[in-house]
Amino acid sequence: MSMAASVGMENKEGLKLLVIGGPRAQKMVGIWLFGSAAWVFSMVVLGGVTRLTRSGLSMTDWKFTGGLPPLSDEEWFQEFENVNKGMSIEDFKFIYWMEYAHRMWGRGLGIILPLPFSYFLHKGYITLRLGLRLSSLFALGAGQGFIGWWMVKSGLEEPPSEYAQPRVSPYRLAAHLTSAFVIYSGLFWTGLSAVMPEPPAESVAWVRGAAKVKKLAIPVSFIVGITAISGAFVAGNDAGRAYNTFPKMGDTWIPDDIFDMKPLIRNFFENTSTVQLDHNVLATTTLFSIGALWFSTRKLDIHPAIRSLIGSTVGMAALQGENVFMVKAGMRLKEWPKHQGLEQCTAISLMGNKIEMLPDGLDFVLPTKLLRYCVTVNYAYEEESYPKSRILKISGIEATSLVAFKALCEKSGVEYIELMEIKGCCQNMVPSIDETGLNELKRLSLRSLDELECIIDTTQQQDVAFSNLVDLSIERVGLREICSGGRPPRGFLENLETLDIRRCHSMSSLFPSWVLIQRLRKLKKVTVWWCGELEDVFQLEGLSYAKENPFLLSSLESLDLVCLENLRYIWKGPTQQVSLQSLTVVNVYECNKLRYLFTLSLARSLLQLEQLRVSYCRSFEHIVEIKEAEENVDGGGGNDVMFPELRKLQLVVLKNFINFYSENSPVNMQTAKEKLRVLDVGIISDQLCNSVLAQLIHGFQNLEELTIRECRVQVLSQLELSLPSLKVLKLEYLKQLECLCKGPTHLLSLPNLKKLEVWSCNRLRHMFSPSLARNLLQLEKQSISSCGELEQIFNEDDAAEYNQTLSKDHLQWPLLFPNLSSIDINWCDKLKSMFPVSITHLLSLQNLRTLTLWYCNGLTHLFSTNLARNLLQLESIHVWNCGELEQIIVEDHTEDDHVLLLPQLHKLTLRQLTSLINFCPVGYHFIFPSLSSLEVTECPKLTTRFSVDQNRFVHAEAKAPQTGKEDADMEQSPPETTREIYCWKWEPDSLQKRLPPYIGK
């Protein structure tokens, strides 16, 4: 039976069917609808997580068809730079993946809804009534993606204040959440209607009872929905950070500022106090409404399932009331809240207060019911005020007051302690602060404690301490050693995973005993910065080798050593019992007394090493020091495969670097050559540099990024580079480099090169010949900086020869630079030409999107009109401080059409161009239909007229010179110049406000 014919079927029992085809069809459709509802519910949960982790603004664009996430480091960095600041790239990747998952999960709904629907429709299971209901839900689901983009867009468009972070509009957030609730409720209700068809109203007593419940439940459902939507306004306004006590709000029942905004209605959606008060009142109303529903239906004759559902709803509402969270953040409290006020809470936060009176001695114990707290003293307000664990942060108090927190440490199970600028600090933490050893502590951060000499003094302490500590961070502390008094206590640091030590200038050894190192079974990351007296990191003296003993440091994954002026050894003593089998990243920077990184036995264990960077170390000679006693330990036979997983190698500014190994050892590096993806060499001995670069001829076939610095290379092609996988090439401080290629271009084979950066190559006169450019068809980004002798991007002499060859042989070679998307050139004062008119017919800049030029004082123009016709993808032009630039675009007399369109140009910036007269040739007319930002400043000679039409298209026209009598008038009145223009994208209608109207011919 067709859907059209089955508007609302009834079976012989009088049940109103939405699905026809029997019980099996009802079950299939029901499973589909319930599964779709669960999918939507999971999307709401995932959306809540993205909100809590502030992931929503991590993606700055939204494409209807979706797209791949960033796959390379360069793509990640570009995405990171768009809008997200104040976090590490790893933190950004986490929130990006959260938002990406949320969006792709939403797109998945576009598959699981329509495909089964088409199948059921084809089978004839769907009635017209069900089809219309589902069509409405599908339409709302399709629009949900747009609503999400519209919501995120508000967070990207609102310029943040000095103190506030970007956030989405609460109205749009509420719309997004409401739409999700409607879709979920609609799918779930329709699924119930499909598998449990509605019976006749008077069929049995419990059906009549259910009808009465329905009348009572509808207003309760409305109140629940309004409460949930009000929560979106609480989140959108960050109202949860203020007045987190109820029924009193702070010290008053009703705040004084709840009606401060005009008009009055705004207060209910934008006023933090009003929004929070409304939400609390609505939540209380919801709780009583659900209780009233249960009370009113307890004696009705209803189905047991409905009675159970009502009871569960009451339980859930009561559970919400149990989890009380109190915030007193940034409210300038002068004293601690009363203990009685904390008894109802499972979580509290006391951030950003100037509390002068500390709790009295051992009496300060938080309620046992408390699951999470953040107790802070004299800390500035922090963005994340909801405590995720049990936190104690203290700053700027006398050390004697720390005794007040002994009970908190011993009885309330503190998990994270942060101490900063404690005056008159004790010499140790254990037993001074906690005699029990802080065994529940998971994170410890110590900053600016001048008198703290050690973490633990074992001469005054029992057997167990810090047995659950995972993260230890110490900065600006007068620390001499971590553990004082000899043998460390039982369990000491056995769960430590991350150690971060900075600016501790009294330490001479980080781990002065192999017995202590033996406890570090789970240590994964070690970071040591600016510890001026540190001489060694791991002290292994006295450690003897035995095969049956467990290897030390086998979990270490990352080692970061920066600015350690006196560091002589990373590993001091015998290393045969140490295994670095998990180590993947090593970074050593400015350790000027360090001579080598690894012994041979350590190097043999580096089976997972992926990144190795050594830079600015004056005394550094070798990566591996081969000692006589180690050569024959566990053989290898002198034919070891070293660094089999190495992906990234950087050796920079190592003036005394001799070789990879201290002895001539036949070590097999072939695997490293095959796996290496990033190589950065420079400012090392000429002999070694030439040796490394010589291997580029036949080795490193999978290399993707190459940086060459400070090497004596005159012509890049003399290296005979053949790197088929290379995507990024950086040439820096090559003082002898004159050109990239001279002679046969096959000597420089870079078929997949996408990014070329040239920096401070002061003898370089031109970049490309047409023949070389023909071998770089995949090039996407070109950046040139501080090349003082650069005159031409293209060598015009080579271009003439290239043209003759084409004409003589009637060849049709591909156009040059078809994939070039970005050009960035700066501080090239002698640059005279970018794209000469003589070669414009050889070029294809159809994919160029951004052009940035500054401090190029020899340039007189940028493009010819013929080349400008191909700039269909160009989105932004930024030109400033180019003193000789007279025209952006010059005429080449190849076309008669003088009207040109740059359809994608969004942003045009012309700044400090003292010689610029025209944007385009006289008589030409340029149209920019997408332009949203226009800046023209300090261009005193510019006469081009910029105007805007009723469609918001911007027009640029150069004025023609006057003749005859008008010339005489011109002598007395110079031509009118373009006034300064500031039109910004974020300012509504700025183009219409600041540009004159376009007057068509």
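Glycine is treated like the rest: Cβ placed from N, Cα and C.
Bear in mind that TrEMBL entries carry predicted annotations, made automatically and left uncurated.
Worth saying up front: this structure is predicted, and the values here are computed from it rather than measured.
Within the listed segments 134-152, 362-380, TrEMBL records transmembrane segment for the stretch 134-152. Highlighted: of the candidate stretches 29-49, 134-152, 172-195, 216-236, 29-49 has the greatest count of Cβ pairs under 8 Å to the transmembrane segment (104-122). Among 29-49, 134-152, 216-236, 29-49 has the largest number of CB pairs under 8 A with the transmembrane segment (172-195). The list of residues near the transmembrane segment (216-236) in space but at least 6 beyond its ends in sequence, with Cβ under 8 angstroms from a Cβ of it, reads 51, 167-171, 173-174, 176-178, 181, 269, 275-276, 278-279, 282-283, 285-286, 289-290, 292-293, 296-297. Taking H, G and I as helix, E and B as strand and the rest as coil, DSSP gives the domain 'Disease resistance protein At4g27190-like leucine-rich repeats' (844-948) the counts 4 helix, 37 strand, 64 coil.
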